[in-house]
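**Student:** Okay, so TrEMBL annotates it like this:
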| type | residues | note |
| --- | --- | --- |
| COMPBIAS | A:790-803 | compositional bias 'Polar residues' |
| DOMAIN | A:519-630 | domain 'TMC' |
| REGION | A:786-809 | region 'Disordered' |
| TRANSMEM | A:236-257 | transmembrane segment |
| TRANSMEM | A:308-326 | transmembrane segment |
| TRANSMEM | A:403-424 | transmembrane segment |
| TRANSMEM | A:444-465 | transmembrane segment |
| TRANSMEM | A:477-500 | transmembrane segment |
| TRANSMEM | A:528-547 | transmembrane segment |
| TRANSMEM | A:589-612 | transmembrane segment |
| TRANSMEM | A:633-657 | transmembrane segment |
| TRANSMEM | A:693-720 | transmembrane segment |
Amino acid sequence: MNVYDTELEEHPIVTQQHQNYSTNGELGYQGYTPAAVYQGNNELDRDDDPYQLYPQDALLRNRMPTAREAASGIEEIIMEMPSRTIGRGMGGHIGTMVNATLARRSASRYRKRQLVTLGTFDGIERPNDEIQELYEELADEQTGEIDNEELRQFPVSMAVKKQVRSHANENREKKKSRTVGSFKIWRYNMSIKWRHFKQDTKKFAQNFRLWQQDLKQVEGHFGTGVSSYFTFLRGLFLLSIPSFIFNFAFISLPQLLQQPNRTDPNITFTGEELLTGANWLTETIMYYGYYINGTIEAIPGSEYDMPLAYLLATAGYFVLCLILIVRTTASSFRQNYVDGRSDYNNFISKVFCAWDFGITSETAAKLQHKTITTELKEILSEQRRSGESRDFQEKLKLFSLRLLTWTLYLSLTGGCMALVYFVNDFLLDDIKKGLGGIVILEQIALALIVSSINLIMPIIINLLTHLEKYKYPRHEIYIAVFRNYILKMGLIAVICAFWTDDELKSTSNDNNGSATVECWETELGQEIYRLVIIDFLFTIFFATFCAEFLRKLLVLLLDGKEMCRKLDRAEFAIVNSVMDLIYGQTLCWIGVFFCPLLAGIVFIKYFFMFYIKKVSVMQNCRPSRKRWRGGQSQTIFIGMLLLSFLLSAIFLCVVVFREVPSTACGPYRDQDRSYDVVVNLFNSLYATSSGQWFATIMDIIFSVWFLYSVAAGLLVWAVIKSSEAKGYEELVRSLRAQIELQGDDKQLLLKWLQSTVANQNGKPPPTGGAFQGGKENHVVPILHHRDSAKSTPCPSRSASARNSPKHDINAPMTGDVLTYVDPQHVQASHLVGERMMATTSFSNPSQISLRQREHKDPLLHKALANQQRPRSMFVEGVPSSYDTQRRNSFAGASVDLEDLDTETVYEEILSDPNGPSPLLLALSAKVQAEKSQSSERRPGYGRGGY
Amino acid sequence: MGVGKSKLNREALAEYADLTYFNEGEIVELFKKFESLDQSIQSDPKGRISASNIKSLPELKLNPFADRICEVFSSADDKSMNFDDFLDMMNVLSENASFSLKAHYAFSIFDFNKNGYVDEEDIGKIVQCITNDQDGLKDRALTSNLIEKIMEEADLDRDNQLGRSEFEHVLSKSPDFLSSFKIRL
């Protein structure tokens, strides 16, 4: 080390350089404007071309690129960056492509903006390159037609879109004149028409966006959380419309046209039937039992097979629901759960998606500010807490607590289910014994009990779950929702199981009681009808009237009194309300087979519910103090809806395929199983001659081989899809790795630029200049110290040559010196520099510029390539231009990069315009010293090693 | 429709309907809203309404980012808007707008210092905006903590700032973005 020190000190130029260096280090790069850079640079170009000192560098000089070339040179360098090279072959090129497109798009957007400004001010539309470019990007290559949808979602301003559109129209005229095959024209026309048709219907449908204003109002006052409940409600309402129409048209209407006689014509409508669903209503189109088992010939000559229609219409209804729900679930799932594994979203969505843009009420806005603040604080502290793990004792305590709550919950749920079963049994006995005078209360007792359970249990469940002390409130909500769901499904299951019980049916068949259950389907239908109605009333009365309206009255009444400071208007209970909706919809699906008009009843129910809930929310509730994250919970709710649907479908399948239908009523009274009607249909079809082909098809479809092959096909498909998914996963991973590598690129460029500037810039350039001002940011890599302490000058040359560059080079890694250098900026600065050269006069010949060095980018290229190697690698030789001169001193020598950065060496070599670099001399001395020390020579890294 | 109809002819309406997610009726409605903000433009679609008037729109009045929104969508330097710009804005914030469109503009809005990145300074500003902390003095620790956490989560290439694609990537993972970055018509 001392050897180098003395040697270095002996060289006056080195010392001078060192001084320059330290000055630079002190002042930093802050005032380093491109104007200064290019001024100095041009002086150099004019006067003392450094290459004149090296005639043997003619090759290099010939390679001195123009600014534009230099720009593309940078691009080349970028292409050689770790990310581009390593990423290749594992999807890296996709990343490059995407980046390029993004860059192009955003660049064109920037240009567009400028263009628009011009265009608006002089009022002249100019069809120019940018528009053409944009047009070409968007247009279909063959037809020249622009897809409106694509243009719509292209982020440029309206003025530009207009221009592109008119440009497209012009072009279309031109293209039309070309000779194209008639089929192509036809196909093209058809596709255009189809697209327009789709667009038109979509836009037309927007006219009928139901309750849009109400939703907006709710959202304006309560944010997206509460409005998500109403959106859910609206979705169910919309679902019930086609369902009702479907069921009514295919089941009820034909029966209505030809009504069978009532068994007891004396029963009249009293009004209480609306509540109980019994008595007069029992023998109407409302219930399964009323439908006949023959054909209907309301219109002469046409036969309508009622049993078949009944089954097929119900099946059709389920298929319809399935399609709609699965579609919604899938899109919601895609949107919200695609990358569920990564623990994203916490801070991102709580900061970037915190503000509800729909908020229009001032109190809500104020509250939202407050909510966001507390929430942010909460999650920060939560984050800190999550680091701490609970100790064993605490864990044990928590475990026993949760064990207790789970036992409690399960026993409560089991108790509720048992209660429902026994009450049902008890009431049935009453009916059987024919106690007479069946009062309303007895009829609706079960529904009342179930609804009460549904009202009270969620409160208990929430309490229990709250006791369990989950780390995240989100988990608490999910657990509570899950328990609530299990309870509700359990209750429904008990009722279904009770009515489909074989024993019950056998008693009805044996006819041993004074009163029998003649038609269990109708009974079940009635029960579900009551449940739907009572549930609706309970929701209105307790959840809305008592909990919201009366509470508000109470608050108003006691306003200002000391004791009730804490009492405030109710917050809208989103979770419980949505759970109630899911419960109601499940009832509808279960009951639709037994009570075909149930879809219509829930349709009416949802309609009133929307308005009642909306008015109540607007009048009685206050915005929640906690922020409700709609996104993921929405998916969970829709998922539960789907699950409910599947459970109901399974139940109905069991009923249709396994359960024995009542013999006294309904369309299947003379069948063993409901689905026998389908079998009979097939049999009758087989019998006819025209049905032969159909029979063959059915035979094939139901043959074992066919089913096997379908199953095998599905299996293969699933395997393909799952491996595809794995492939995408891999791609995502590699792309992510690539992004990280690109971060490395940036830092690499940064190091390079920084050390170049540090080494080369003799003295800090003046801060003033043509480029001072607002535009500066667009063309200059922003260089500034974050921490000036870290860039203090080094005390001696040796330190500067050996440590300081290294120190500085490593600096960005620890994030202190330069914040960023964007490659695009470097590129831009070149182009601007070129322009500057033509117009500016120069005054500072001694300046050595950044650009000067960038002109030698092929070498830098190599330097960068070299830098990508592991640090322990040995380097032999230097770039060719220098090599001829310095070969002797370098030949065979190896320099450990740990001691001296190749980078530093290269920078020194590349940058020094003043003749044989003193550092090179120093380096050679060092190299020789090292050579003498080291007896071992490392082979294999010749000059061709680049 | 009355006054608006004379200024917005059928072709213009059709053009707007082609270029936005709105249908013609909605565009007429939006135009009414637009001209109600400033009577002095005399329902001329080309007339410009100053930023302060635009901000009196109920949806923007309380929005802490209203200023940035005006700036981003305005085609003039003074943040004023003509109907094109206004429609642009409502289009991006409409329910039907695609994610990529929304994310693109969200990025521009959040890029307070207009340097092409959402960097620490911008995030600090965003936090100030959403917590209604105008002078930024209320809770410095909170802001710096948040910046750190966000960078940890979102800054994939570790350059301490979010580029456009990084930003859009993380937003695509936030289910709440589409529901919050939206103004119902």
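Placement of Cβ uses the backbone N, Cα and C atoms for every residue, glycine included.
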**Student:** What residues in the same chain, six or more past the boundaries of the transmembrane segment (A:693-720), come closer than 8 Å to it by Cβ-Cβ distance?
**Tutor:** 682, 685-686
**Student:** Looking at the domain 'TMC' (A:519-630) alone, can you tell me the average pLDDT?
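**Tutor:** PLDDT averaged over the stretch: 84.
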**Student:** Quickly jot the same-chain residues contacting the transmembrane segment (A:308-326) by Cβ under 8 Å, restricted to those at least six beyond its ends, or write none.
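**Tutor:** For the transmembrane segment (A:308-326), the sequence-distant neighbours (Cβ-Cβ under 8 Å, at least 6 residues beyond its ends) are 239, 242-243, 246-247, 250-251, 254, 291, 589, 592-593, 596, 599, 638, 641-642, 645, 649, 652, 656, 667, 674-675, 677-678, 681.
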**Student:** At a threshold of under 8 Å on Cβ distances, which of A:236-257, A:403-424, A:528-547, A:633-657 pairs most often with the transmembrane segment (A:444-465)?
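**Tutor:** Of the candidates A:236-257, A:403-424, A:528-547, A:633-657, A:528-547 scores highest.
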**Student:** What stretch, picked from A:236-257, A:403-424, A:477-500, A:528-547, has the most CB pairs under 8 A with the transmembrane segment (A:633-657)?
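**Tutor:** The stretch with the most contacts is A:477-500.
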**Student:** Could you pull out which residues elsewhere in the chain have a CB under 8 Å from any CB of the transmembrane segment (A:403-424), counting only those six or more residues past its ends?
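**Tutor:** Beyond its ends, the transmembrane segment (A:403-424) has Cβ neighbours at 445-446, 449-450, 453, 457, 460-461, 464-465, 467-468, 483, 486-487, 490-491, 493-495, 497-498.
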**Student:** For the transmembrane segment (A:477-500), could you work out the same-chain residues 6 or more beyond its ends whose Cβ comes under 8 Å from its Cβ atoms?
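**Tutor:** Residues 409, 413, 416-417, 420-421, 424-425, 446, 450, 453-454, 457-458, 461-462, 464-465, 468, 470, 520, 523-524, 527-528, 531, 575-576, 579, 582-583, 586-587, 590, 633, 636, 640, 644, 647, 651, 654-655, 659 contact the transmembrane segment (A:477-500) from elsewhere in the chain.
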**Student:** Using DSSP, what is the helix/strand/coil residue split across the domain 'TMC' (A:519-630)?
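**Tutor:** Counting residues per DSSP class in the domain 'TMC' (A:519-630), I get 83 helix, 2 strand, 27 coil.
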